[in-house]
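Since the structure comes first, as structure tokens, the remarks are kept for the end.
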Amino acid sequence: MIGYNISTPELSMTIGDIDKQDIGAYNESQFQVFLPAFILLCGVLIIGTPGNILAIFVYKCKLRKHIGREFLITLCVCDLLSCLLVGSFEMDLMRQVFDYDREWVCKLFRFFSYSVNNVSSIILLVIAVERYRVICCPWKAKFSSQASRRICYLCVLASTAYASPMFIVYGTQTIPLRTNSTRSDIDIIDHKDHVSTTERSPTAPLFGKTCQMDDDVIETQFPLYISNMYLITMLIEFILLLYLYSRISLTLMRRRKESMCQQTNASKRCANKRVRKVTLTAIVLTLFFVLCYLPCLVTFSIRIWMPKYYSTLSVFGQQLFELMLKFYQLDSAVNPFIYCFCNQEFRGVLLKYLQCLTKDSSQSMTSKEVYEQTTDKKPASLRVNITDNDGISSPEAIPLT
């Protein structure tokens, strides 16, 4: 029986142990490339998780129910899942990128990641369509709360179905880390005769395992077709969002000019102002979505169409490349700040809730009292029914906020 050991003055290790150490060294080296993206994901996890939890609470516990609330709650849930689960998976993968031989974990998380991102993008498109119907086609029927909820369910089903090819595309990919061209001193030990000799022998090839395009499909055209399908879909969505919000902005500008030339009552002016604020929130959400996803789509396209380009980059170039690939995650952490900045009512409810949490424990309140204070509950006699230009009559009804 003959075994191969690499001897040092202090210890002898098997080839398998050396391979593990070598893979660990490759992981550490590659992690330096991932470091800026890793820091970004840490920030997204720390900021986005509590931010989206608070956003879900505010929209879920508001007393005044209104059209569009379901869309924003769905978007907040997707952002929370993206920050908490998808971001954690990506960070775990970065720490052991060449030693990640977990095929089904890879398939499930890639499928989950694409599904969550699909839901977010479709919900933003639905919000744009809802704003377009309210502002540019006010004679059409508005989405009811029940219809909005059903639309959210359909978006989830369609997104998961659209992401199902990821089960086939992604999996364990074998990456050659070292060829057998390198030579090293190896002690050949005959355990039977207790004889040790030293020879210069080729170092064994070293292969890493990572979560990427599966080995079974990497040589086929299927990953290219699926990737191109996603890129074309996102491009079409960007064009639709640009068209819808261009029409919405032009309509709002025209109405504002007309209202400046005409005398309108206070309630109608207040309703028009609310419509503009709601639309501004939707536009800012969409703008940040496009800005965060665009760098990812560009680098993803380069990786698909020019696979050898990455190896030609310097270390800084590779760091920038990886950062752009993960830049879409920033959108999940930014959205709660957009709600707070663009929506005065959201900001007021959130501040009241935080004030309740910071009260002295001796002045503890029941959950019902906290709910009533944070939702600014008022007696029915004090509520003011306002009919806005959407044709919706409700106590200070706001379609999207």
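The backbone N, Cα and C atoms fix where each Cβ goes, and this holds for glycine too.
As the structure is a computational prediction, the values presented were derived from the model and not from experiment.
Below 8 angstroms of C-beta separation, residues 69, 72-73, 76-77, 79-80, 82-84, 87-88, 90-91, 94, 97, 315, 318-320, 322-323, 325-327, 329-330, 332-333, 335-337, 339, 346, 349-350, 353, 374 of the same chain, each at least six residues beyond the ends of the transmembrane segment (33-59), sit close to that stretch. The transmembrane segment annotation in TrEMBL covers 33-59 (among others).
The domain 'G-protein coupled receptors family 1 profile' annotation in TrEMBL covers 51-339.
Look at TrEMBL and you will find 71-91 (among others) tagged as transmembrane segment.
If one looks beyond the transmembrane segment (111-130) by at least 6 residues along the same chain, the residues whose Cβ comes under 8 Å of a Cβ in the stretch are 67-68, 71-72, 74-75, 78-79, 81-82, 85-86, 89, 143, 151-152, 155-156, 158-160, 162-164, 166-167, 170, 230, 234, 237, 240-241, 244-245, 248, 282, 285-286, 289, 293, 328, 331, 399-400. Here TrEMBL flags 111-130 (among others) as transmembrane segment.
What TrEMBL records for 151-170 (among others) is transmembrane segment.
Annotated transmembrane segment per TrEMBL: 222-245 (among others), in sequence order.
Residues annotated as transmembrane segment in TrEMBL: 278-306 (among others).
The average pLDDT computed over the domain 'G-protein coupled receptors family 1 profile' (51-339) stands at 85.
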